[in-house]
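Copied over from Swiss-Prot:
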- N152: N-linked glycosylation site (CARBOHYD)
- N181: N-linked glycosylation site (CARBOHYD)
- N269: N-linked glycosylation site (CARBOHYD)
- N467: N-linked glycosylation site (CARBOHYD)
Amino acid sequence: MTTFTKLSEQEAPSLSVHPTRRISKINPNIYAGFTEHMGRCIYGGIYDPGNPLSDENGFRKDVLEALKELNIPVVRYPGGNFMATYHWIDGVGPKDQRPARPELAWLGTETNQFGTDEFLKWCEVLGTEPYFCLNFGTGTLDEALAWVEYCNGTRDTYYANLRRKNGREEPYNVKYWALGNETWGPWQVEQMTKEAYAHKAYQWAKALKLLDPSLVLVLCGQDGTASWDYYTLKQCLLPLNSPLSTSAVPLIDMHSIHLYTASSDHRANATAPLAAERAIEITSSLIDLARIENGVPADQLRPTICFDEWNVWDPIRAEGSKGAEECYTLSDALAVAVYLNVFVRKSKDLGMCCIAQSVNVISPLMTTKDGITKQTTWWPLYLFSRYMRGWTISAHLSCSTYEGETSPKWVRGVKDTPWLDVSATLGEDGYVNLAVVNVHDDKGIETQLEGPSGEVSVFTVTGDNVNVTNMKGKQEVGIVESTWDGKGKYVFPKHSFTLLRWKA
């Protein structure tokens with residue numbers, strides 16, 4: 001939690017950090033990933049059989065090693081929009097017997113050479129948990145139940161035995177399951193009204209929890225600010241009515257929201273993720289309102305927010321049907337850092353956040369047949385995932401604000417947009433971690449910093465200007481490490497992300 005006091009341009013900025021004031025435990029799942037059958041994310045991304053850089057499973061070893069640096073706790077799969085016409089049964093069993101299918105989300109052909117077992121094996125190699133999305137387009141409840149049985153079944157039943165026949169004796173114990181993806185969108189196969197979706201989601205959730213009460217089910221929301229979000233929460237956050245249920249076990253565990261931001265103007269681009277903060281606040285209130293109106297018992301666990309698609313994405317410059325391969329700038333890296341600050345500040349409400357996506361498609365990590373490139377956006381993600389864990393702690397910022405146009409425009413009316421964007425954590429190792437983005441592209445901001453009592457480790461991500469990239473054969477943006485004595489004022493460089501660490 002960071003409180004804020006708005007100053008004039010003439011007043012001196014200050015920042016205080018209070019490690020004894022713990023706000024909330026940070027769920028490690030806010031650093032989750034996402035791999036969709038889209039563009040080169042799967043084929044030519046995480047899976048590239050025949051490439052000398054791949055292992056015996058066809059998994060790109062360089063990609064695995066890079067992703068291990070991020071300590072990713074969960075990876076969402078297989079979509080995304082792709083999911084609306086995907087049938088999991090096509091992607092299991094002998095590969096020479098798997099059918100190729102037309103793919104309607106991104107207008108390609110799905111070979112099904114990489115499916116459920118391959119993905120779950122990849123997760124085990126990476127050391128992460130899977131998060132599956134169910135087909136709410138052309139799929140059926142029977143198909144969804146069969147998939148859960150295939151993954152998690154322990155009894156002598158058909159789909160559990162099919163898994164065993166395919167070479168996996170022990171269950172995979174897949175915990176996280178989404179009830180569809182963006183079913184409200186006009187681009188979806190089988191787009192639904194909020195009324196139709198809420199009815200279907202509730203009925204599916206009942207059946208899925210009867211089959212496996214340990215499942216964590218995610219309701220499909222919109223952007224957290226829409227009537228869709230309120231209606232679906234109101235209809236689905238109901239007291240359970242089943243002889244197998246208890247009041248402490250909810251039917252719906254998380255509510256999903258999505259947001260992509262982008263602007264050609266740096267200042268609007270870097271402050272745009274503040275829209276995510278307001279969306280989280282509104283969604284949290286809608287969850288509480290639905291529970292209050294429905295009379296949900298206080299001892300029934302409160303659902304959290306699953307922000308399972310977020311990133312900088314301009315679909316004009318990086319079209320989805322052409323693989324959505326963004327060339328990220330320093331400005332985009334600062335926007336990603338602001339997103340991550342938001343997630344730390346709002347950790348109390350968040351059960352998961354998935355950057356979209358993990359490889360090649362609007363991704364911080366790009367592959368060629370010969371190697372990988374870490375884009376500008378990789379570096380703030382790496383620093384946050386490595387250090388910004390443990391507890392969100394109190395901080396107070398006083399500085400002036402950016403007063404120009406925001407993207408989306410409604411942010412201007414609901415959020416302050418300070419030149420500095422801040423979050424702070426206390427790690428299990430006893431270190432304070434302070435993340436600061438200086439959005440200003442013209443000047444460094446000298447700030448009176450209260451909190452450090454000794455030497456401070458400093459990690460700085462910046463570049464020559466806000467438009468530099470790492471995709472032109474040179475790493476223009478990376479991490480510069482230094483130290484500071486922790487006394488007095490610190491100058492946050494123009495257009496930079498800075499992480500400061502000191503012993504509490």
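Numbers run from 1 along the shown chain.
Placed from the backbone N, Cα and C atoms, the Cβ positions cover glycine too.
Between N467 (N-linked glycosylation site) and N152 (N-linked glycosylation site), the C-alpha separation comes to 47 Å. Within 10 Å of the C-beta of N467 (N-linked glycosylation site) we count 14 further C-beta atoms, all protein chains included. Local packing around the glycosylation sites N152, N181, N269 was summarised as the count of other Cβ atoms within 10 Å of each Cβ; on this measure the leading residue is N181. Cα separation, N181 (N-linked glycosylation site) to N269 (N-linked glycosylation site), rounded: 26 Å.
Here the Cα atom of N152 (N-linked glycosylation site) is found 43 Å from that of N269 (N-linked glycosylation site). DSSP classifies N269 (N-linked glycosylation site) as helix under the three-state reduction.
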